[in-house]
Every structure is written in C-alpha cells, then in structure tokens.
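Report on the following structure.
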Amino acid sequence: MPGQYAQSWLDWEAQSGGRSVLHGTPDEIKAMYAGLSQALKPMAPPFSENVDVTEGDVDGIKYRIYKLKGERGPLPIAFNTHGGGWMVGDLDTDHLLCGVIAEHTKSVVVNVDYRLTPDVAYPVPLEDSLKVYKWAAANASSFGGDPDKFYTIGGSAGGALALQIANKIKKDPQLKDGLKGVVALVPATTHWEAVPEKYKSKYKAVEDNKTGVPIIDGESMEIFFKYAKVDPSDPDTFTLLAEDNHKNFPPTYFASCEFDPLRDDAYVMEAALKEAGVPTKHDHYPGMPHYFWLIPTVPESKIFVENLLQGIGWILSQMKGATRSSYI
C-alpha cells in the first residue's frame with residue numbers, strides 16, 4: 001500500500017491553495033491545464049541562452065528542434081512527445097526540459113506537437129508522431145542529427161507514445177537499426193481491463209490511486225482513455241501487450257511515482273522487457289505524485305532532472321562507439 005506524501009509536496013499544495021486533479025469534460029480539463037500552466041510560468045527558470053531553437057512542420061504537424069550552440073554534429077537525436085493524456089499540452093509543455101536535454105546531453109531534440117483529443121482519437125497522436133519521426137530520420141543531416149542514434153522520450157501520454165513509436169519503428173526494416181533507446185517517464189503501458197494474467201498481482205496502482213491523488217488519478221485516466229477511444233487490447237497502443245516485439249526494444253529508462261495511477265505501468269513494462277533480455281534502468285520517486293516535476297519549486301524536481309540526465313547518459317553510453325563521458 002502507498003506510504004506518505006513527501007513533505008515538500010504537501011508544502012507546495014498548502015502554498016498553492018490545495019490539491020488539483022484533472023477531472024471533468026475536455027473543455028474543463030483544458031481550462032484547468034491552461035490555468036496551471038499560467039500559474040507555473042513565473043516559477044520557471046529562464047530558457048538556456050546556449051541552445052538554439054528552430055520550428056517547422058511536417059504536413060501541418062508542428063515541431064521544434066533544440067540544439068546546443070556551436071555543436072555541428074552529427075548528434076544523437078532525442079525525439080520528444082509531450083504528456084497531457086493526449087488531450088492537453090503543446091510544444092511549450094516540455095520546452096524547458098528539451099532545452100536542458102539539448103544543453104547537457106549534447107543531443108539534438110525534436111519536440112512534436114501531435115493533434116489532441118477530443119478533436120481526434122487514437123491512433124492519430126501516434127500517426128502524427130511517426131510522421132515527424134520519419135521526416136527527422138530522412139532529414140537528420142539538415143539539423144545536425146545522427147539518424148543512427150535516435151532515442152524516444154516522453155512523459156505520461158508522451159511516455160506511452162515513446163514506447164509506441166519504438167514498437168512501430170522496430171518493425172520498420174529501414175528505420176529499426178537507428179533507434180537505440182527509449183526514455184519512458186511515468187508512461188501508460190497497459191489498460192486495467194486487459195492486464196496480462198502474469199502481471200495482475202503487480203498491477204495495483206490504478207486502485208491504490210483511484211481517487212484524490214494529485215494531478216491525475218484513476219478517474220482521470222478513465223476520462224483520457226474514453227476520449228482517445230483506445231482499444232484496451234491493442235498492442236500498438238498498450239505496449240505491454242506487444243510481447244512478440246519486446247525482444248527488439250532498445251535499452252529503456254523508466255521513471256515512476258508512488259502516488260500515481262500509472263506507477264505500476266512502468267514496473268510491469270520493465271519486467272516484460274527484462275524478461276525479453278532488454279537492458280533497463282528505473283528511478284522511482286516515493287512520496288510523489290504523477291509528473292511532479294512540472295512544479296519547479298519542489299526540490300525533488302531538481303533531483304528528477306539530474307536523474308533524467310543520468311538516465312539519458314546511460315542510454316547514450318550503450319550506443320555503438322559511445323562512452324558516457326562523451327555526452328554528459
């Protein structure tokens with residue numbers, strides 16, 4: 001059973017006027033998210049002056065590219081998909097984090113603005129992301145990227161996408177060898193209606209955190225899944241079910257949080273990949289809720305970023321011809 005919230009989180013809630021959980025209609029959730037984003041802006045650190053940002057689109061799907069000034073490349077390519085339940089979020093969601101990754105791991109970061117529910121349903125967010133990924137692979141030299149050193153990265157719904165993209169790309173004869181890693185932060189990997197029997201005893205978080213935990217709870221996930229119109233038994237959406245392809249996944253870094261309905265999604269996916277012989281690394285954050293690093297003033301957010309950079313360093317160190325010290 002879950003333990004106690006970190007005091008730093010409780011202090012933040014007290015300062016900010018109480019606990020926020022994303023519930024309601026899509027319009028209500030979008031309004032709550034916009035309000036939270038505005039409230040957090042004054043707390044955010046400035047964007048690095050050492051990173052150049054360019055923008056473009058692929059058939060109307062917008063992207064941003066982040067690159068450390070003075071780096072000619074070719075550099076590893078971090079392909080980022082933002083979180084938000086496939087319902088909220090945009091290129092600004094992970095803007096600061098993309099800059100940090102570009103500056104401190106010497107990766108060129110491609111950040112994707114896939115379309116959102118309820119205007120579209122699944123698999124459109126995945127299809128949009130794959131379209132930009134394939135463009136990036138074909139045009140890597142134009143932005144200093146190395147098409148043989150891709151890794152996907154994302155949090156929550158974006159973490160699900162990072163794994164979904166990997167599952168798809170590892171089946172593509174032309175692209176499969178270029179994908180070398182996955183960074184899956186508090187990802188959705190299975191649906192509670194279709195958890196494989198061998199993992200059911202380990203999959204308790206959605207009940208432990210069904211109501212009242214911060215940011216999202218189990219009821220929030222019901223809303224996100226409803227409007228995404230996901231099929232609980234689809235392995236292209238829920239990659240825990242893509243068992244035949246697990247052995248082909250690249251090294252994967254996970255992060256999970258205690259008070260999170262998706263906590264065990266990371267644990268069961270890691271167990272499945274380990275069983276298939278895939279190297280994994282996992283940082284868990286006791287006492288913290290889903291996606292807590294959104295709040296920059298919570299001390300654990302700095303620890304999260306430090307661990308994330310180490311996790312990316314671990315991914316990069318396993319790429320052919322690389323050493324960890326080459327990147328961080």
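Cβ atoms are placed via backbone N, Cα and C, with glycine included.
Other C-beta atoms found within 10 angstroms of the C-beta of SER156 (active site) number 28, with every protein chain shown included. Annotated active site per Swiss-Prot: SER156 (among others), in sequence order.
There are 29 other CB atoms within 10 A of the CB of ASP260 (active site), with all protein chains counted. The active site annotation in Swiss-Prot covers ASP260 (among others) and is backed by similarity to another entry.
If you look up Swiss-Prot, you'll see HIS290 (among others) marked as active site, on the strength of similarity to another entry. A 10 Å cutoff on Cβ-Cβ distances gives HIS290 (active site) a total of 29 other Cβ atoms nearby, all chains included.
Note: the Cα of SER156 (active site) and the Cα of HIS290 (active site) are spaced 8 Å from each other.
HIS290 (active site) sits 5 Å from ASP260 (active site), taking the Cα positions as reference.
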